[in-house]
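Listed in Swiss-Prot for this protein:
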| type | residues | note |
| --- | --- | --- |
| ACT_SITE | S175 | active site, phosphoserine intermediate |
| BINDING | R73, S175, D336, R337, E434, S436, K448 | alpha-D-glucose 1,6-bisphosphate binding site |
| BINDING | S175, D332, D334 | Mg(2+) binding site |
| MOD_RES | S175 | phosphoserine |
Amino acid sequence: MAENTEGDLNSNLLHAPYHTGDPQLDTAIGQWLRWDKNPKTKEQIENLLRNGMNKELRDRLCCRMTFGTAGLRSAMGAGFCYINDLTVIQSTQGMYKYLERCFSDFKQRGFVVGYDTRGQVTSSCSSQRLAKLTAAVLLAKDVPVYLFSRYVPTPFVPYAVQKLKAVAGVMITASHNRKEDNGYKVYWETGAQITSPHDKEILKCIEECVEPWNGSWNDNLVDTSPLKRDPLQDICRRYMEDLKKICFYRELNSKTTLKFVHTSFHGVGHDYVQLAFKVFGFKPPIPVPEQKDPDPDFSTVKCPNPEEGESVLELSLRLAEKENARVVLATDPDADRLAAAELQENGCWKVFTGNELAALFGWWMFDCWKKNKSRNADVKNVYMLATTVSSKILKAIALKEGFHFEETLPGFKWIGSRIIDLLENGKEVLFAFEESIGFLCGTSVLDKDGVSAAVVVAEMASYLETMNITLKQQLVKVYEKYGYHISKTSYFLCYEPPTIKSIFERLRNFDSPKEYPKFCGTFAILHVRDVTTGYDSSQPNKKSVLPVSKNSQMITFTFQNGCVATLRTSGTEPKIKYYAEMCASPDQSDTALLEEELKKLIDALIENFLQPSKNGLIWRSV
């Protein structure tokens, strides 16, 4: 009898009109329960409804995801602002509608879908399942789909889009985010991530296609449709072949006595890094056994982000000591970023920052270009790029060596987009990076790539070893030649969007309305650039050269003492990040003095501009 009552209750819940007192919420509840065919996420909403948890229902159902610096990204679970079966179907329907409008040959060229190894039992949600549903929506509309038959590194998707001449592609991943998250990363036909206006237009199309179409839930199409193709072997072979373009010392690599440890952080990277090492002539790197295989719980690390440093590299470093390996390489879970560490003579580990690795990459890629360039190659056609919050070291190298350096807004989508423009104009791009350990060596992939970066660092270390030089020693040589660049990057957590907004609005109206600060503590400010509003005091017309980015907060201060500091919000996480760098000329070699000056300025920046105690900000814990 009790079972029948429960059944009746569920039946009534499913079909009754909802009277929460909020018409918008009532409509959203009805839509969710009609459209969602995933029993677990449907049950999550039903339970909230049954328990009268209207605030949480409103939070989950009365807003939608927007495109950040890496596409759509959110927690997995039930709701229109979460990543789940229904929202991925809706997103893909919007993609289909937009692509059909943009490409008359969409149904000839097709679409690429890849995925990482994330998953969540409570919502029956995994990257693989979401990839299958993405494919199903398109297959049901007679679009050829290149669906990878197993997990792949994120860079394989943009690479495949280019090589297969597809109109676009999607990678289901949340990269290095916490285990609860997942994402939907979109690449255009060029192989670069989408930028405006495509992101806004796709969102409009998603909002016009929220009700699942007939066939959108039919993931059996992945097994039965003749339009489904598996590009894995072909793309892996071609990717590894293209890696040879940035391998310059294969014979030397094959003879090196250096040993390398690699960790894939419970993600996709192991097999692909092993293959890349083989292409470069190396013996296989030693894998960290506890982290080699996919694990969506990331059970051996407190967070799956190698950027967090020594605290998350513990297993790798201990294994390297045991195996007498001097260099540790860590790819993040979707293998698009790379961290590196080197054992020093004093027995301590040097974990390189993204900016320090970029200094080494910049030196290496230009040095290899000089030694291997064709007779008529002109240095004036050579470019390197970085995001505006990253170190200015490439700018210093470019000024001395004669090549071009350019900055973009944060996010590799801007770098990829600019590289396309440069390549179309006959320019050569050697290297690009963002300080958050994202590196691009060569232009086979127009996105950051941890697999290629890992093997390039190995070759660099192997080459330097023949001259008895360590990576750390070479970094010092780079700074001695081009000028010391001492940087610090960190963040505060803030879960209250109104607080974040008020912090930045205060800076825009500091001493009086529409007046930015002229000092930070005792440090005089020369220039202010605010790309959120498009203001730049260093320009004659006071307008920022970088594109306006109204969807995120970002203000950069240039100080009289040569320091550049930026405050910005994260596009993927609830963080306020700060970036600060002292840029010195080569004759300023007192690093202790530079570091002390930088520390004082950062302390002033935090105390005067962020005010963590007053604003309830949570300090980064490492």
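Going from the start of the chain as shown, residues are counted 1 onward.
Glycine is no exception: its Cβ is also placed from the backbone N, Cα and C atoms.
Taking a C-beta cut-off of under 8 angstroms and a sequence separation of 6 or more, D332 (Mg(2+) binding site) has the following same-chain neighbours: S175, H176, F265, G267, G269, P304, N305, P306, E307, L338, A339, I437, G450. Its own atom aside, the Cβ of S175 (active site, phosphoserine intermediate) has 26 Cβ atoms within 10 angstroms in the protein chains shown. When the Cα positions of R73, S175, D336, R337, E434, S436, K448 are compared pair by pair, the longest gap among these alpha-D-glucose 1,6-bisphosphate-binding residues is 19 Å. Sequence-distant contacts (6 or more apart, same chain, Cβ under 8 Å) of R73 (alpha-D-glucose 1,6-bisphosphate binding site) comprise M65, I83, A174, N177, D181, N182, G183, Y184, T572.
For the pair S436 (alpha-D-glucose 1,6-bisphosphate binding site) and D334 (Mg(2+) binding site), the C-alpha distance works out to 14 angstrom. For the Mg(2+) site, the Cβ centre of S175, D332, D334 serves as reference, and the other residues of the chain with Cβ at most 8 Å from it are D116, T154, T173, A174, H176, G267, P304, T331, P333, A335, D336, R337, G450. Calculated from their C-alpha atoms, the gap between D334 (Mg(2+) binding site) and E434 (alpha-D-glucose 1,6-bisphosphate binding site) amounts to 17 Å. Following the DSSP three-state reduction, the secondary structure of D332 (Mg(2+) binding site) is coil. Sequence-distant neighbours of K448 (alpha-D-glucose 1,6-bisphosphate binding site): residues of the same chain at least 6 apart with a C-beta under 8 Å from its C-beta are P155, D336, R337, F412, F433, E434, G438, F439, L440. A simple way to gauge crowding: the CB of D334 (Mg(2+) binding site) has 35 other CB atoms within 10 angstroms, across all the protein chains here.
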